[in-house]
Amino acid sequence: MGKGCITATKYFLFLFNLLFFIFGALIMGFGLWVLLDNQSFIAVLQESSTTLKVVSYIFISVGSLSMAMGFLGCIGAIYEIRCLLGLYFTCLLLILIAQVTAGVLIYIQRDRLKHEMSNIIKGMLVNYTGQNRTTEHTWDIVQRTMKCCGWTGPGNWLENVWIRNSSVSMYPCSCRNETLPGTDVRETGLCEHLSNDLPVYETGCMHSVEGWFLENCGVILGICVGVAVIELLGMILSMFLCKSVVQEDYTKVPKY
């Protein structure tokens, strides 16, 4: 096999591993966002959903491991170290199997996850006071920005402890439809209204939230597919380069 072909393969593998490192960083960043975000709908689920926390830790772990594998592949490719290339190929294969398995499990459990999310939101609405700045205020932001009220509709709020036991007509302030006549607009908490015709949005947030999830999941799915393609190419190139290296020369590795 020509030396030029080996050199080209080596640098192609280096490039793919650089991309692999970047995609790994993106996946890890998404996991950190899911775990730490307090400004989007994700924050509503963080305190109650163990599934969400597990998924975030999986993303962080896979992203970190992908970055490590990308670095390992770069070193193995540049210095043509067969043992590193072999280890790199094995780790990529294991990561690819884990990703496919995780994707299948998420697809199988999708109805359960949807049910869990619905129960979390409805439970939060029942106990809503407007004082929790993490979950309740985030849900207020969801209702204001998506122009919706409740999960399946404003009727969900009738189960709220404070509204149900109040002697006056009350509604969540973030449900306020500004196009209808009523009291002053407030961003959080419960508002009082003098009539039974509440100035709130009539549609629930379920479809809007599901659309938001699908939109964001589409971005993540695209990243995961890109990582999988790079993994396959990396495996092919590492196997090709590993067979091409007749003898390892460790003198190429810099000493620190």
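Here the Cβ of each residue, glycine as well, is placed from N, Cα and C on the backbone.
Going by TrEMBL, these are the annotated features:
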type	residues	note
TRANSMEM	12-36	transmembrane segment
TRANSMEM	56-79	transmembrane segment
TRANSMEM	86-108	transmembrane segment
TRANSMEM	219-242	transmembrane segment
Intrachain residues whose Cβ lies under 8 Å of the transmembrane segment (56-79), provided they are six or more past its termini:
10-11, 13-14, 16-32, 34-35, 85, 87-88, 91-92, 95, 98-99, 102, 227, 234, 237-238, 241, 252-253
Are there residues at least 6 beyond the ends of the transmembrane segment (219-242) whose Cβ is under 8 Å from a Cβ of it, and what are they?
6, 9-10, 12-13, 16-17, 19-20, 23-24, 26-27, 30, 66, 73, 76-77, 80, 82, 85-86, 88-89, 92-93, 95-96, 99, 103
